[in-house]
Amino acid sequence: MATVATPGRRGGRSRTIASRHSARSTRERTLRSPARPLAVEPRPGARPAPRRRPADAGVRRPSPSRRPATPGNRPPTTGRATTARPAPRRTLPVALAAVAVLLAMGTVLLLFVERRTADAVPAAMTSAPAAPAATAPPASPAPAVVTPAELARCPATATACVDLVARRAWLQHDGKVTVGPVPMLPGAETFLRPPGPTSSATPTGSFHVLWKDADAFSSEFDEPMHHAVYFAAGGIAFHEGSLTTSSNGCIHLSAADAATFFAHLRPGDGVTVF
């Protein structure tokens, strides 16, 4: 501040005013400047006191907003050790709820399976039985063949041949078999040879066809003799008859074989029984 010099008494007053202004300026500067702390020598072995930052006069820091602690918004950590409270566990209620849902689904599935089974059982019981698996028919037996020994015992001039032991008969021409051999059943053996009156055995030897009668009937034994071909005395003939019950001397043939012999044999054809 400038000092105005005035003559005489006014000059002394001016100096007084200037000194007052100077003292006031010094006091203001003293109040404005912060007080410096006195330097104190530290004791040996003592920790140095931490420096204090000057407080910002007239500046208010905004208080931090209280937000929930999230991974992206966590409050700043301080130097003090803090113990975080554990979050309440919610795994047990979730597990119980999952178990309840599984039990409910299992119950529904079990009821559905039982319903389907109950519906399928009556249908299976009322359904038609399955057809049996087709089986291959048994192989037909090989056709019978006249042995060379049999051919040797029946001359080539004979048309019909009968083997009483093997119980089969056949037809031939010039020594070659044309029909058979076929099964037959001779008369019962009573160890009495014909012409004994009580004998029922078929006679053996060489014979010739005498006559034929398709609808012959035995008045002596009261039995039919279909397709009878007579070839020996006493009414001995080929005819249709049982293959399990012996005759009274005739040769029994099946119905088909009797018809075949009847068709092929003619009066005068040779017959050999051995």
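Placement of Cβ uses the backbone N, Cα and C atoms for every residue, glycine included.
Curation does not apply to TrEMBL; its annotations are automatic.
So that you can see what the record holds, here are the features copied from TrEMBL:
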REGION    1-88  region 'Disordered'
COMPBIAS  60-88  compositional bias 'Low complexity'
TRANSMEM  94-113  transmembrane segment
DOMAIN    158-274  domain 'L,D-TPase catalytic'
ACT_SITE  H239  active site, proton donor/acceptor
ACT_SITE  C250  active site, nucleophile
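Along the domain 'L,D-TPase catalytic' (158-274), the predicted structure has mean pLDDT 88. H239 (active site, proton donor/acceptor) sits 7 Å from C250 (active site, nucleophile), taking the Cα positions as reference. Secondary structure at C250 (active site, nucleophile), taken from DSSP and collapsed to helix, strand or coil, is coil. Sorting each residue of the domain 'L,D-TPase catalytic' (158-274) by its DSSP state yields 10 helix, 55 strand, 52 coil. Among the listed active-site residues, namely H239, C250, the Cβ with the most fellow Cβ atoms inside 10 Å is that of C250.
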